[in-house]
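Enquirer: There's a structure below that I have some questions on.
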Amino acid sequence: MKNKRIRSIDIFRALTMFFMIFVNDLWSLTGVPEWLEHAAVNEDRMGFSDIIFPLFLFIVGLSIPLAVRTRLKKGTSHWSILKHIILRTVALLTMGFYMVNFEMIYDDAMPINKHVWEILMALAICLIWLDYKGLTSLNRQAQNIIQAIGVLLLIFLAAIYKGGSAEDIVWMRTSWWGILGLIGWAYFLNSIIYLLFQKIWPYLFLVFLLLLFMNIQENGYYEHIPSITFIISASNYALVMAGVLCTCAFLHFRKKEKESHFLKIVLGAGILFIIYGFMLRELFPISKIKATPTWSTLCIGIGYVLYVCFYILIDKLNIFKWADPFKPAGTSTLTCYLMPYFIYPIIILIGFNWPSMMTHGIAGIIKSLLFSFVIILFVGWMEKRGFRLKI
């Protein structure tokens, strides 16, 4: 039992990535129900799309204790683990940095079409972070050459970059770091904290409370207490730490063979966070864009409740075969996320347009669901042939 893999985390991750690709494709549709879309900046609500990214942060947190413990059991030193954390963070920040800058390209000032720039960016990421262990036909020298080409390609793309507008042309900026950048910073801080306090996890709970307070204070609740922001909103760190604590509780109660206690505590915590989130609504609006504590706590509560449901269904009742088609999204998650950065620009460059009936209402939603599923199937096909990204 102690070495049993926690399938629910993999499936939770896979389904979240499936829906992330889906909601990221909603921009191509019209007539989409309001509850599916992102809420606007001044709206006091959240749509289905506003829940997916925080759930992914939560799942990142679920995986951190397991990843660190696995490396420690293999005899990996703390220094080597720290080095691994830093390298993964740099990879995520780099990808996020380039992706967020693509969104701000001023096409008229670029020497190449912005969609060609996007394809080359995705290609460079593949060349650098391909899992070369799966490609046994390539020796180490060939790997180094290919990765060097990827690095040079990123440098070239940065050198020719022009962003902003005709009145104010700018170079690449960190902006809001992009989705992968936010994940990178949140992963970095929480991994370091877990590495330091893994044996005294109540300290992790205190850090969690501090992060929740920072999220409240960055929204200016206490007038005489300064707001402290560590690069990005504390909401991102808190969501990851919520996942870390969930897995810490699981490992603690599994060791004592009191799994039912774990399920009751996490389910109870989830319900309490949802109630607390709605109570905070009296003070702060629900807003993903503003990263309000109301949004953060509601998503933490949803994450806890969903995880308990997945754990009971998958790990307790062993009902998991239904999720097999989604498996590549849990094992090659980054590859799935990158695929649209090839697909969308290619579709635009070749001038392909979906029939209008397939981009509106229910038919459009089905199209986007199938689009996400086909990407996962294609990534699964590539994975079987040794092609996948790994950081």
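Note: Cβ is positioned from N, Cα and C throughout, glycine not excepted.
These came from TrEMBL, pasted as-is:
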type: DOMAIN; residues: 5-130; note: domain 'Heparan-alpha-glucosaminide N-acetyltransferase catalytic'
type: TRANSMEM; residues: 12-31; note: transmembrane segment
type: TRANSMEM; residues: 51-68; note: transmembrane segment
type: TRANSMEM; residues: 80-100; note: transmembrane segment
type: TRANSMEM; residues: 115-132; note: transmembrane segment
type: TRANSMEM; residues: 144-164; note: transmembrane segment
type: TRANSMEM; residues: 176-196; note: transmembrane segment
type: TRANSMEM; residues: 203-222; note: transmembrane segment
type: TRANSMEM; residues: 228-250; note: transmembrane segment
type: TRANSMEM; residues: 262-280; note: transmembrane segment
type: TRANSMEM; residues: 292-314; note: transmembrane segment
type: TRANSMEM; residues: 334-354; note: transmembrane segment
type: TRANSMEM; residues: 360-381; note: transmembrane segment
Enquirer: So which residues does the transmembrane segment (334-354) touch in its own chain, when a touch means Cβ under 8 Å and the partner is 6 or more beyond its ends?
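Expert: Contacts with the transmembrane segment (334-354): 17, 20-21, 24-25, 28, 99, 113, 115-116, 118-119, 121-123, 125-126, 129, 180, 328, 367, 375-376, 378-379, 382-383, 387-391.
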Enquirer: Would you mind listing the long-range same-chain contacts of the transmembrane segment (115-132), meaning Cβ under 8 Å and 6+ residues beyond its ends?
Expert: 91, 95, 98-99, 102, 105, 138, 143, 146-147, 149-151, 153-154, 156-157, 160-161, 334, 338, 341-342, 344-346, 348-349, 386-391
Enquirer: Under 8 Å, at least three CB pairs between the transmembrane segment (80-100) and the transmembrane segment (360-381) (pairs 6 or more apart)?
Expert: no
Enquirer: Do any residues, 6 or more residues outside the transmembrane segment (176-196), come within under 8 Å Cβ-to-Cβ of it, and if so which ones?
Expert: 53, 56-57, 60-61, 64-65, 68, 78, 81-82, 85-86, 88-93, 95-97, 99-100, 204, 207, 230-232, 236-237, 239-241, 244, 337
Enquirer: What same-chain residues lie close to the transmembrane segment (203-222): Cβ under 8 Å, and 6 or more beyond its ends?
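Expert: Cβ under 8 Å, 6 or more out: 193-194, 197, 228-229, 233-235, 237-238, 241-242, 244-245, 248, 283-284, 290-293, 296-297.
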Enquirer: In terms of Cβ proximity under 8 Å, which residues at least six beyond the ends of the transmembrane segment (12-31) contact it?
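Expert: Result: 37-38, 48-49, 52-53, 55-56, 59, 62-63, 306-307, 310, 323, 326-331, 333, 336-337, 339-340, 354, 359-361, 364-365, 367-369, 371-373, 375-376.
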Enquirer: Compare 51-68, 262-280, 292-314 by their Cβ pairs under 8 Å to the transmembrane segment (228-250) and return the stretch that comes out on top.
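Expert: By the under-8 Å Cβ criterion, the transmembrane segment (228-250) pairs most with 51-68.
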Enquirer: DSSP says what for the domain 'Heparan-alpha-glucosaminide N-acetyltransferase catalytic' (5-130): how many helix, strand, coil residues?
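Expert: Within the domain 'Heparan-alpha-glucosaminide N-acetyltransferase catalytic' (5-130) the tally stands at 93 helix, 3 strand, 30 coil.
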Enquirer: So if I exclude everything within five residues of the ends of the transmembrane segment (262-280), which remaining residues of that chain have a CB under 8 angstroms from its CBs? That is, six or more out.
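Expert: 246, 249-250, 252-254, 286, 292-298, 300-305, 307-308, 311-312.
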